[in-house]
Amino acid sequence: MSPSLKTVSDEKVLADPEVVSVAQENVYRPEVDTSGVNERKLMWKIDWHTVPWLAFLYFLNSLDRGNIGNAKLYGLESALHITDKQYLIALTVFFFPYALFELPSNLVLKRLRPSRWLAFIMFVWGIATTLHGVAHNYGGLVALRVILGLAEAGLYPGIVYYLSCWYKRTELGTRVAVFFTSATIAGAFSGFLAVAINKMDGIGGKPGWAWIFILEGLFTVCCAVATYFILSDFPDTAKFLSETERVWVIRKLRADMKFSAGGEKFKAKYVKQSLLDWKTWIAMGIYMGFDGPLFAFSLFTPTIINQLGYTSTTANLLSVPVYVWGCIVTVVVGFLGDRLGKRAFINLALFTTGLVGYIILITSRSAPLSYFAVFLAIASIYPTVRESNSVAWVSSNVEGSYKRGATLAMAIGWGNLNGAVSSNIYRAVDKPWYRLGHGIVLAYISIGWICSLAFYFLLKRENARRAAGERDEVIDGVDNKHAREENGHFASVEQAREEKGDQWSGFKYSL
């Protein structure tokens, strides 16, 4: 391996105006002195302007997506004169647009700005949620679930992609974990909220379950309008940053291999790169391993607890401590992932916990033991594997904001598509123990475990090949005996880095 190629630090290369392209100088600003920036204060400033509001948006997203499970316990099926099979179909149709619209949504978000796009899709899903409360029949419910899935599709991948454009790879996990704790809070809060709102039963001629949708949906509509004014966009345009702070953030991200931190223009080849990258397809398997269980868990937790012998109100309330525990574990795992960096081993440990939990659920005939197993399940699939660890792991190994956005959207979209399967596996005929449903979830988790192991070993092997110089490009003016034409021929290291992204020989994968 040539020292002249491999030992040049990112900061030194990027600080040299000779090698910063004209297209990038307007955002990198090599003439700006950033030595006076207080990193701790600036990161707190960024955190307060991004994470809390995003967490709140995802709280609403999770609340509006899952409140149908709470409404079911208060008579939604009988009021709409639908069967258990029709109810499952209504849950299923949500996932097709929810999965398929994620990739185009992420591309639109980059071009239209997060503040505009996220506010728009929130407004649409808020209206759809509200109209659930005035639905009169099966057809109306199905149509509204399709619209809800279409509108909600863009929020989660959009937020993850957005955060990946603000934070380094070692900073992302904690922020994703903190923002996703809002989903576990929503799961806990939805039980309390459903019990409280159901007391409005009969007001305005509406049943209690209808008011759950109406009140929660109208609140989302109001927050959608506020989002347009509150949410900042990307670092190179953020108004809450000074010019010096903006330059400092962009330089920091580029030094972390995020060369596209500012000024990247859309090219169709970035989407093609994602489609042809083996990491995308294994990531889809990882997401399949926990997204299938995730949606089954969020939609059916109250029902499962209810069928263990508890009343509807008690079942909603007993779901609260489960989600509180999930919230705690989410933050802990996100923190450990960023500090230890061993995301592969964390993934494997968490999937293993999920396997144990669902084995207990399949074999148990004790309500208390089954309730305990639900805690193991949520500590694995709901808050941790997906949100604070796998996202950071996959995102940190994909360079280029458009390619990263496409890869995350494909992985998350495929994972969400499996919700169409898992929303049908807890059938009324299988109550109270739901062995079929638990068995299918167990199979999903096994797939996630295997794909996580494969991802780890393949990334490790690729790092070894790069360290040995097998991926070295031919760089003009650089004497490197390992360089090969088939790896590309470039005028400079920066051109190679910009063109190849995470395929560049100097990019080291995070394990």
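Please read every residue number as a count from 1 along the shown chain.
For all residues, glycine too, the Cβ spot is worked out from N, Cα and C.
Given the structure is predicted, the values throughout are model-derived calculations rather than measurements.
Taken from TrEMBL, the feature domain 'Major facilitator superfamily (MFS) profile' covers 50-463. Per TrEMBL, the feature transmembrane segment maps to 87-105, 117-135, 141-164, 176-197, 209-231, 281-305, 317-337, 344-363, 438-459. Taken from TrEMBL, the feature region 'Disordered' applies to 486-511.
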For the transmembrane segment (87-105), the distant same-chain contacts (Cβ-Cβ under 8 Å, at least six residues beyond its ends) come to 65, 68, 72, 76-77, 117, 121, 138, 141-142, 145-146, 148-150, 152-154, 156-158, 295, 299, 406, 409-410, 412-420, 423-424, 427
How does the region 'Disordered' (486-511) divide up by DSSP, counting helix, then strand, then coil residues?
13 helix, 2 strand, 11 coil
Limited to the domain 'Major facilitator superfamily (MFS) profile' (50-463), I'd like the whole-number average of pLDDT.
82
